[in-house]
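Peer 1: Have a look at this one.
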Amino acid sequence: MEDLTIQHVNLEKSENLERHRTDGFSSSKALVVRRGTPFRSRLSSGHLYVIMPVTFSKKVSSSHWKASMDPEGLNLQNPSIFISSPASASVGCYRFQLSVFTQDSQKTAFGKFILLCNPWCSEDTVYIPFEDQREEYVQNDSGLLFMGTAMNLVARPWSFDQYEPCVLETCLNLLQVSPHHQKNRRIDYLNRNNPVYISRVVSAMINSEDDRGVLKGNWSGDFKQGINPAKWTGSGDILRQWAQSGYSPVKYGQCWVFAAVMCTVMRVLGIPCRVVTNFNSAHDTNANLVIEEYYSETGQKLNHSKDSIWNFHVWVECWMTRRDLGLGMDGWQVLDPTPQERSGGVFCCGPAPVKAIKDRRIDMFYDIPFVYAEVNADVHTIVVSKGGVLSYSKDTERVGSLICTKAVGFSIHQNITGDYKYIKTSSSKGVLVFLNLDKAPVAGEAIRFTVKVINKHSIAKMIKVHMNAQAKEYNHSPSDTFWETQGVIQLAPKEAKVIQQQILPAQYEDVVGDDLINLAVVLEDTASQDRVLASEEFNITSPQLIIQIADEDSIVPNKEHTAKVIFTNPFSHPVSGVLTVAGAGLIQGKIHFRMLQLRPGGRVQQNITFVPSMVGTKMLQANLSLTNSTIRGFKMVSVNRA
């Protein structure tokens, strides 16, 4: 009898990708599978009659690697071998060797595969028990990032791009480039079985403060040496640029860019991940859980404190079991790749269990005191004049006023504030002032707001009213005042009065752009000189680009389809700019169009074509870059099987 000859190993790529829910990675040269689930390989041999030992048990071991042969329809010319990894195997690239022994010789063939975490496997520490959540937090390659303010959310479309060319390989190379791997490769490989370890490595590697990380942060407003963070629309361009540059940091990122890129990496690695926005996020530099804000007597916000409140801050949550912390801390964990404070000597943050943040379990790992302050710090507001304090107030509700993420399966936000904190209450007395916007401000319209003043005293009051508006970036102190007014009102005992005000488009359009507005009102009691302040920080809602698709119920892969992008100029002045259209799985790269000057109220339409490359729900997004702002729009596209 002649010896068996192995001609090659067939990794049955199509079958295995479908079984492991890694179909999106079909463009990868390597087979991509998930731990804890067997995959099939088939040997092609040159002779029919051979004798070989066979193990028929296909039961997966939770702790050991295992190979077994398929006993059903055993074909000795093309035998199937199932390779099973434990649910605790390390994530990364693997090489395997198949050897066939005969009495006189040994024949060997080699294969390669990529192993990811498996949220479908109940024994995996990233197992999440609901299919709709696995689809949203692992498989979905687009989403929404929430910005603006709590009262006027801006949903910014983002393409996570995990199935785009080179993204999978770049995410795996990120682990190889990390200092942990460079320091001790063996220990790093062993630790990659643990999502707690992986997530800390990725959190540090997204920023470039300590290593050859992906992104360089820049909050200066000067982006001449790179890309304005507001211009990025997806993770793919950033990760590809990082890899092509030899792993030099990409310029530039801010919090939502850091978080969105980390979300891509974690989803690629198989760890459920979502992007979370915390509105009025505190950065407590001295760890006293107090943020101090200073105002002048006319309502101008002053830059007198190292502490700060960002109008919003964006991080990610990853789902995992925390065996290192004991019972009750499994589930969503906060991870923040934006470089703010060091953790273990490195600029990273988390994983911090959301449950531990809510209960202020500062004895647990990692970085719970810092995240707790971001959502729970008290705000002390101080009105000053010539170095003296005129008034002082305390607000226990403003920080962490809304914490939200994209809802599962829908293009809306989900309020998760109650997961992070208990609701506080407060009471007031004396002369009170309330500042409320009549509605969410819209570009091209007047900003209308109401000031309500209540005299809780039993005597009449003469009150000076100062109002002030300043432009500001989401994470900076405001710039100079661009609008102000003042007056005097008389209040009878226990009386309340309402003042209506507005700021016209011509007064704010050239100043604000994509920035926010800090609006403040200071009341001055002319008899006692006491002051009381109310403030509101808000954004102007930009107009939306409208995207229309012909025959949107009959979109199939590999067929050309047509869409229209429509823009109407709401501004009081002419505009011109560049329109960019993109869509992972719909368009290769980006398409650019120049828009000539469009008069106020004018309407323009741009036709585009796209050819879907895969089945599923995809995001088509458009961005119109104007002189000092960007107009955005998106449409979800359902690509059906032909």
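Numbering starts at 1 and runs along the chain as displayed.
Using the three backbone atoms N, Cα and C, a Cβ is placed for every residue, glycine included.
So TrEMBL says this about it:
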type	residues	note
DOMAIN	247-339	domain 'Transglutaminase-like'
ACT_SITE	CYS255	active site
ACT_SITE	HIS313	active site
ACT_SITE	ASP336	active site
Peer 1: Limited to the domain 'Transglutaminase-like' (247-339), I'd like the whole-number average of pLDDT.
Peer 2: 93
Peer 1: In the domain 'Transglutaminase-like' (247-339), how many residues does DSSP put in helix, strand and coil?
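Peer 2: The composition, in the requested order, is 14 helix, 42 strand, 37 coil.
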Peer 1: To the nearest Å, how far is the Cα of HIS313 (active site) from the Cα of CYS255 (active site)?
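Peer 2: Given the Cα positions, HIS313 (active site) is 6 Å from CYS255 (active site).
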Peer 1: Validating a neighbour-count step here. Other CB atoms within 10 A of the CB of CYS255 (active site): how many?
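Peer 2: By my count, 27.
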Peer 1: What is the Cβ neighbour count of HIS313 (active site) at a 10 Å cut-off, with all protein chains included?
Peer 2: 26
Peer 1: Compile a sequence-ordered list of residues in the same chain as ASP336 (active site), six or more apart from it, whose Cβ lies below 8 A from its Cβ; state 'none' when nothing qualifies.
Peer 2: SER203, PHE258, ALA259, TRP315, VAL316, CYS348, CYS349, GLY350, ASP367, VAL371
